[in-house]
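Below is one structure, written out as structure tokens, with a few remarks after it.
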Amino acid sequence: MKIACIGAGYVGGPTMAMVALKCPEIEVVVVDINEERIKAWNSDKLPIYEPGLFEVVKECRGRNLFFSTDTKKHVGEADIVFVSVNTPTKTHGIGAGKAADLTYWEGAARLIASVSTSSKIVVEKSTVPVKTAEAIGKVLKRNCQDPNVQFEILSNPEFLAEGTAMEDLRNPDRVLVGGADTESGRKAIETLVSVYAHWIPLERILTANLWSAELAKLTANAFLAQRISSINAISALCEATGADVSQVGHAIGTDSRIGPKFLNASVGFGGSCFQKDILNLCYVCESVGLKEVAEYWYQVVSMNDYQKQRFVERVISAMFNTVSQKKIAIFGFAFKKDTGDTRETPAIDVCKGLIRDGAKVCVYDPEVTPEQIFRDLSAPKFEWDRPNYSRSQSHMLENVQVVSDPAAAAEGAHAICILTEWDEFKTYDYQAMYDKMTKPAFIFDGRNILDHAKLREIGFIVYALGKPLDPFLVKGY
């Protein structure tokens with residue numbers, strides 16, 4: 001059996017590496033038109049950072065795992081083709097700002113149809129709107145010259161969390177495979193299930209119809225994001241009333257019906273999927289006339305925007321209503337720890353908000369490159385998911401500095417903002433940083449990971465998200 005995967009990103013790369021590791025008899029090829037990216041996959045510095053990924057790639061690369069730009073050859077030879085290309089949000093036209101742009105998907109389908117001389121199973125791996133399989137089916141059917149070639153489309157959404165993707169692949173909560181309820185559809189489902197069954201117990205491999213599988217992915221992300229927005233909404237109330245959001249979260253999380261996960265208040269959710277999938281869900285609902293359902297889910301996104309804005313306003317009001325020309329150290333730019341991914345990271349909006357008010361931000365992140373940070377801060381909204389957009393450096397970037405050392409970021413700064421929960425941030429010598437900062441020195445902990453009592457002893461004025469406010473921060477008017 002031969003497997004090809006179109007798209008060598010955060011989903012395609014790790015997923016195929018794990019398949020190759022667990023199924024040594026299957027040849028797995030990841031193809032991408034981006035030569036730089038394929039070069040990186042074949043080097044010692046992979047294009048994405050994910051704990052445990054390099055070891056797996058190293059073990060399988062050249063044995064039964066290959067990375068190539070020869071898309072036609074490998075897609076043509078494959079029995080199963082996974083498609084994990086970008087499905088960015090449309091930036092203009094009908095549905096701009098919420099509908100998924102299926103340009104890359106359609107391109108992948110046309111490629112598959114043009115090179116297929118044998119029947120294939122096509123697997124949707126990227127997050128796609130419900131009913132995408134229908135559109136893809138039409139493209140495949142009408143563009144394939146050979147009448148004997150049959151395509152079966154399956155939906156096999158990924159439920160990986162970045163930072164723990166390899167463990168999620170090795171030991172998933174469930175694998176979901178959706179297909180058509182026809183004889184050939186059921187046979188295709190069985191084929192894909194047999195690949196996963198190499199290492200995943202059958203009771204964890206769920207099968208469903210195509211539309212349920214496509215919708216389950218959007219729904220899972222919407223529910224997870226909703227939990228974050230819910231606890232973040234409560235964090236604002238905690239600050240206003242002297243309650244502590246960690247205590248509230250812990251108290252409700254011990255209820256078995258609610259459970260403890262995703263109840264940490266933060267500066268907001270990020271990542272390539274949450275906002276995009278909710279907006280997508282809303283658009284699908286609107287398209288079928290379910291206005292009230294769409295409005296319900298929109299609130300999850302507006303609460304997230306509110307939380308980021310609230311954080312920026314806290315910083316500015318604490319610093320005597322002006323951050324103009326003040327240096328602010330930003331610790332963490334990735335959307336969460338253990339990944340270099342910055343897609344939709346709350347740090348972008350927080351930095352932009354501070355810069356708009358005249359602040360000079362100095363960013364430190366252990367995994368994100370300076371190029372990426374400058375690109376993110378100069379790109380328009382929703383453009384992050386489009387490859388090779390121009391690296392225009394706007395005037396905003398005069399006030400941005402990126403350093404490779406946290407102490408340098410803090411030196412001479414008026415404040416430190418913690419925007420990613422990297423473990424290393426907990427172990428820094430904050431006394432040494434305090435000594436070199438401008439006084440009064442502030443710490444705004446947007447992830448609640450630091451020892452706030454200890455920081456106050458050192459002399460910092462600490463804002464801890466969703467916790468009783470430091471008397472210094474309470475407005476007297």
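Glycine is no exception: its Cβ is also placed from the backbone N, Cα and C atoms.
A TrEMBL annotation is a machine prediction, not a hand-curated record.
What you are looking at is a predicted structure, and each value in this text was computed from that prediction instead of being measured.
Feature annotations, reproduced from TrEMBL:
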- 7-12, D32, R37, 85-89, 126-127, E162, 273-276, R343: NAD(+) binding site (BINDING)
- C273: active site, nucleophile (ACT_SITE)
- 329-452: domain 'UDP-glucose/GDP-mannose dehydrogenase C-terminal' (DOMAIN)
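Note: C273 (active site, nucleophile) has non-local neighbours T127, N221, i.e. same-chain residues 6+ apart with C-beta under 8 A of its own C-beta. When Cβ atoms from all protein chains are considered, those within 10 Å of Q275 (NAD(+) binding site) total 23, not counting its own. In the structure as shown, the Cβ atom of E162 (NAD(+) binding site) sits within 10 Å of 25 other Cβ atoms. Around T89 (NAD(+) binding site), taking its Cβ as the centre, 23 other Cβ atoms fall within 10 Å, counting all chains.
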